[in-house]
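Features reported for this protein in TrEMBL:
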BINDING   Q76, L77, R78, Q79, K80, N108, S147, K177  4-amino-2-methyl-5-(diphosphooxymethyl)pyrimidine binding site
BINDING   D109, D128  Mg(2+) binding site
DOMAIN    47-228  domain 'Thiamine phosphate synthase/TenI'
Amino acid sequence: MTRLRGRAQRARGPAIRIRKGTVPTVSRHLPSDRAVALRARLSRARLYLCTDARERQGDLPEFLDAVLANGVDIVQLRQKGLEARQELEYLRVFRAACERHGALLAVNDRADIAYAARADVLHLGQDDLPVPAARAIVGQDVLIGRSTHSDEQASAAAAEPGVDYFCAGPVWPTPTKPGRPAPGPKLLEYVAAQRQARPWFAIGGINADNLDQVLAAGATRVVVVRAITEAPDPGAAAAELARRLAAHPAPAS
């Protein structure tokens with residue numbers, strides 16, 4: 001009997017010992033089915049909204065339902081100065097709304113918050129955590145975006161390992177980024193001329209009045225803030241932007 005047990009153990013291979021208090025982990029180097037699905041959804045996204053938590057209006061769930069039902073593909077909570085606990089509370093509301101409407105949830109700057117909130121997207125600025133460090137926290141199942149403000153930064157982001165999309169701007173001056181130079185549509189023209197395979201979004205001061213200039217410069221995806229958040233009817237504003245973007249086909253990516 002002892003001999004049979006020995007043969008069976010050899011057939012199974014060596015025993016794997018797991019030290020007490022440790023948990024086996026799955027490799028973060030191979031994209032999962034979720035990551036592949038998220039990148040497919042990103043490639044179809046046209047309208048990306050950044051909004052605060054609507055504390056003044058007190059209508060966050062209703063606001064999110066209205067805009068996500070009317071064409072917003074990605075929504076990011078962007079409100080500087082929030083404590084981590086409060087940000088996660090708000091992100092639970094965002095997460096629920098995104099699940100109801102099939103939209104992507106984005107977190108700004110904080111890889112730890114993105115991981116804790118089960119976000120789909122982490123957006124990084126030029127001075128934020130390096131992409132490899134962010135990837136080490138969020139893994140391969142979260143998309144990573146990058147802000148760019150010049151031809152050189154856009155070209156770098158288009159080829160940067162670990163980045164899934166980038167934003168180019170601000171196209172026009174915006175109070176959300178006071179003092180930052182706005183290169184205007186010429187930055188969009190430069191990026192469009194490169195025929196980047198990686199999805200990219202125009203950002204900065206974009207609204208219904210200047211959207212045609214953005215499209216004429218070659219952008220087919222946009223990030224907006226006040227065009228929706230300050231509209232009398234946010235749902236209607238989102239629907240108009242989404243309709244006009246849909247009429248302008250995006251290149252395959």
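Backbone N, Cα and C atoms are what each Cβ position is placed from, and that goes for glycine too.
Known features from TrEMBL, placed on the structure.
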{"residue": "Q76", "record": "4-amino-2-methyl-5-(diphosphooxymethyl)pyrimidine binding site", "CB count, 10 Å": "21"}
{"residue": "L77", "record": "4-amino-2-methyl-5-(diphosphooxymethyl)pyrimidine binding site", "CB count, 10 Å": "22"}
{"residue": "R78", "record": "4-amino-2-methyl-5-(diphosphooxymethyl)pyrimidine binding site", "CB count, 10 Å": "18"}
{"residue": "Q79", "record": "4-amino-2-methyl-5-(diphosphooxymethyl)pyrimidine binding site", "CB count, 10 Å": "15"}
{"residue": "K80", "record": "4-amino-2-methyl-5-(diphosphooxymethyl)pyrimidine binding site", "CB count, 10 Å": "8"}
{"residue": "N108", "record": "4-amino-2-methyl-5-(diphosphooxymethyl)pyrimidine binding site", "CB count, 10 Å": "22"}
{"residue": "D109", "record": "Mg(2+) binding site", "CB count, 10 Å": "16"}
{"residue": "D128", "record": "Mg(2+) binding site", "CB count, 10 Å": "17"}
{"residue": "S147", "record": "4-amino-2-methyl-5-(diphosphooxymethyl)pyrimidine binding site", "CB count, 10 Å": "22"}
{"residue": "K177", "record": "4-amino-2-methyl-5-(diphosphooxymethyl)pyrimidine binding site", "CB count, 10 Å": "17"}
- Message: I'm trying to understand the geometry here, so how far is the Cα atom of K80 (4-amino-2-methyl-5-(diphosphooxymethyl)pyrimidine binding site) from the Cα atom of D109 (Mg(2+) binding site), in Å to the nearest whole number?
- Response: 10
- Rounded inter-Cα distance in Å - R78 (4-amino-2-methyl-5-(diphosphooxymethyl)pyrimidine binding site), D109 (Mg(2+) binding site): 9
- Message: I need the CA-to-CA distance for Q79 (4-amino-2-methyl-5-(diphosphooxymethyl)pyrimidine binding site) versus D109 (Mg(2+) binding site), whole Å please.
- Response: 11
